[in-house]
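This report refers to the structure that appears directly beneath it.
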Amino acid sequence: MHQWRKHQQSSVHFVPTMGALHRGHGQLIKSVHGFGRLQPAAVLVSVFVNPLQFGPAEDFDSYPRDLEADCELASRSGASALWAPSVDQVFPGGASSHFRIQVPSHLQAHLCGASRPGHFDGVVTVVARLLALVRPEVLVLGEKDWQQLVILRHLVAQLGLPVRVHGIATVRDDDGLACSSRNRYLMTQQRQQALALPQLLARAARESQDGRAVDLAGLRCAWEQLGLEVEYVEKVDAFNLQPLHAGRKLCLLAAAVRCGETRLIDHTFLMSRQPIVAIDGPAGAGKSTVTRAFAERLGLLYLDTGAMYRAVTWLTQQHDVDPHDPVAVKTILENLELELEPSQSGAQTVRINGHDVTEAIRSPEVTSSVSVVAAHGCVRKALTAQQQRMGVRGGLVAEGRDIGTAVFPDAELKVFLTASPAERARRRALDLDNRGFPVPDLAELETQIEERDRMDSTREVAPLRQAEDATELISDGMTIEEVIETLIDLFRVQVPEEVWPTAGR
């Protein structure tokens, strides 16, 4: 492994498995080629049946092993290499001579953690060891083992491990059963019986969308009547894995059953609407550029709220309205028609009262007055109401100054995107030059930006501020692609692929 790793010029994406590879593993491998827009990666698949994650009465000895078939499937799916280390290679001197990692109790108090004591301690201990040996840039895991994925994300974050974690949606066979190495234990009749697991979970998810409460006892009874032995069926917070009783933006409905001697797990996510992303930050931080690209990458609707305020500012100038006079400004808001729609170029066309103002709203004249206009309560009330109507079904990303605090306070992901005044002045100069406008001195631009920050953060109505639950992202020194990739990583921590698939994957 050391020699192979030393000769890799590109980044390494690591897919750890216990072998007995199937379609689900194949999809993990293939998905690597759809990550981001950076240079191609080497894909390493490991096959290691981890003795630390099996209990005394579990199937370690009988777990299916077929290395030749695994090599064939991995190669066919696009893997660069397959590594099948022995226990001695992973734990020189024996596992007992190495440190063990203990998962925090709250992360394994429910679901599989409760019924398989010590299982996740064994998982994280081995994964940490494999990461140390492989040193990958990206760790690729399936969402099928959701509790495991959540725990490993906590491991990476809390230990500061230098690896990104990518989760891939559960892959299902044509009949709906989630792909699993243990499915091969099932006889034909048992497989038909096992289909009740995904079918009833899917039905519960549909009923939840219609506003009906999930009946955990009813699910258990239904499976038992069909001959399945229910180990657990629980509704938990999708991220802290604690039981839920009241409604929440996203929760996990998960179950484990036995069909004969075969243990099967499955889950579904319950969500009242599609996800919303709120990106706030000061002027010139690059919000529009990265948010537009981020939305396109994930297939989300891009809601440029800043353009809406700029359009109203442009309208005040066309009507010779004093931007400081809220009464006068309010008069032009009557019968306001504001449209945001994608154009063929991929940018967003902005129309106000039938006028295409896409370019006009980026002029220095509009920029110098937009903070004044946006500070009026009548303007913010009118536009916030429009924005919230656009977001009632979710499936969008919005950027502005108060998206996470006032417009969409229940957004799944909130990011405060910022940069130093000097960096923002440099970007503003480039933008003005590209648009054909005169470019002031950088020091003057920096002063203007600092004054804009002061005005935005001290206004009485919806001041610029970071939401308490927002993640701050300082973009100094980062390329646009790096910012987008960071946003995608943050999104995926909060929104599974199964809930909102990455566009084109």
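Cβ coordinates come from backbone N, Cα and C, glycine included.
The shown structure was predicted, so the numbers you read here are calculated from the model rather than taken from an experiment.
Annotated region 'Pantoate--beta-alanine ligase' per Swiss-Prot: 1-268, in sequence order. Feature annotation from Swiss-Prot assigns ATP binding site to 18-25, 142-145, Val171, 179-182; the stated evidence is sequence analysis. According to Swiss-Prot, the feature active site, proton donor maps to His25, an assignment based on sequence analysis. Per Swiss-Prot, the feature beta-alanine binding site maps to Gln53. Look at Swiss-Prot and you will find Gln53, Gln148 tagged as (R)-pantoate binding site, backed by sequence analysis. Per Swiss-Prot, region 'Cytidylate kinase' is recorded for 269-505.
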Per-region confidence, the region 'Pantoate--beta-alanine ligase' (1-268) (mean pLDDT, whole number): 94
Where Met18 (ATP binding site) falls in three-state DSSP terms: coil
Ser181 (ATP binding site) versus recorded positions His25, Gln53, Gln148 - nearest by Cα: His25
Cα distance (Å, whole number) from Gln148 ((R)-pantoate binding site) to the residue listed as 'active site, proton donor': 16
Other C-beta atoms that fall within 10 angstroms of the C-beta of Met18 (ATP binding site): 20
Cβ-Cβ distance under 8 Å to Val171 (ATP binding site), same chain, at least six residues away: Arg23, Gly24, Gln27, Gly142, Lys144, Ala178, Cys179
Number of other Cβ atoms within 10 Å of the Cβ of Gln148 ((R)-pantoate binding site) across all protein chains: 21
